[in-house]
Amino acid sequence: MKLLDHKIAAIKDELVTIRKDLHSYPELGFQEFRTAAKVANYMEKLGFEVKTGIGETGVIGLLRGKNDGFTIGLRACLDALAIEEQSGVEYSSKNRGIMHACGHDGNMAIVLGAAKILSQYKDKLNGNVKFIFQPAEEDTGGAAEIIKAGGLKSPDVDAIVTLHNWPGLKQGVMAVKSGPVMASSDIFQLKIIGTPGHGAWPHLAVDPIVVASDVISQLQHIISREIDPLETAAITIGKISGGTAVNIIPEAVTLDGTVRAFDPKVRDFIQIRIEEIVKGITQAARAAFEITYDRIMPPVNNDACLTAQVYEILKKALEPDMVTDNFTPVMGCEEFALFQEQIPGLFLYIGNDMEGYDMIPIHAPNYVFNDEILVIGVKALCEIVFGFNKISE
């Protein structure tokens, strides 16, 4: 066993304790006061330069190497979800209605573990390591606040890496894939305005419910008939509001939907076609419409050069079957994309599967983080930093 492996194995129990403590006291976005204090205190004890209150509740720890060379950022998220926990574990959430159902507790523990190990190699590092703990990833807003507050500056971060536990991927396997690995996310609200009337005399009204049904159906043709079948995108109407009684044709119906895509050109095309289709259908039906369309998040797009470098580093450092680039991108979105708009970034997945829990997805009230992957995640992050600093351990 390598010296690094011995060092990591020695802190496994500590990492499990940290993870379970963070899990027991989850906090929502921009309210992660206890969590942030725990993280900051841990890094201060390691001798890091620590800044708190970054982007409201964010924490940044800086490990300076012997030279002011390449600076790599390692990012984790502080926040939890507004979910009542049903996992049944003895360390379940003590904060009612809030749960670490996405594994941010585990991701924080991994990054803190990497911080502890890397602190022992300070004199060998040719550059710096910046540990970025961002708030409010789940409800969005935290990454933008970190960037606005200068979190990627002083010193400038040259590349940033994050990892996320993933059910459905074999325990401890690292998925390292170039290009888009998570989709963009847009939302829209469409109000279709007709002419109200009595349900018994529809010819005297313009029924916005019927118009809305035509719109919903036609929007799906964008996906099935207007986009290359080899591309991936989704349009979902998740909410319909309108009407007050069975025999009254309402004046208006409101549709709320989301759009997901990997390719920016496909994303642009869908937005244009939604408005064109709505305009055509409402005009033909003698109705009117109002639409608001908001671009929430770009796709998570892994930098090709950085991905190739990390893939080679991990292939050499881990068992051959524990690193793969055979990973199907997912249609969820993630704020890490905002960091990638600023600097090269890599979003890694680490397999969370374990017996009895393989099919439980993230954001489920009974999701359980696999503590066996803590040491693997720490090793992966340390090896990445070593690789960029030409350190062999």
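Backbone N, Cα and C define each Cβ position, glycine as well.
When secondary structure is read from DSSP and collapsed to three states, His104 (Mn(2+) binding site) falls in the helix class. Annotation source TrEMBL lists Mn(2+) binding site at Cys102, His104, Glu138, His164, His363.
Restricting the average to the domain 'Peptidase M20 dimerisation' (188-279) gives a pLDDT of 98. The domain 'Peptidase M20 dimerisation' annotation in TrEMBL covers 188-279.
Each of the binding-site residues His104, His164 was scored by other CB atoms within 10 A of its CB, and the lowest score goes to His164. Apart from Cys102, His104, Glu138, His164, His363, the residues listed for Mn(2+), the same chain places the Cβ atoms of Cys77, Ala80, Leu81, His100, Ala101, Gly103, Glu137, Ile362 within 8 Å of the centroid of those Cβ atoms. Note on the binding-site residues Cys102, Glu138, His363: the fewest other CB atoms within 10 A surround the CB of His363. DSSP classifies His164 (Mn(2+) binding site) as strand under the three-state reduction.
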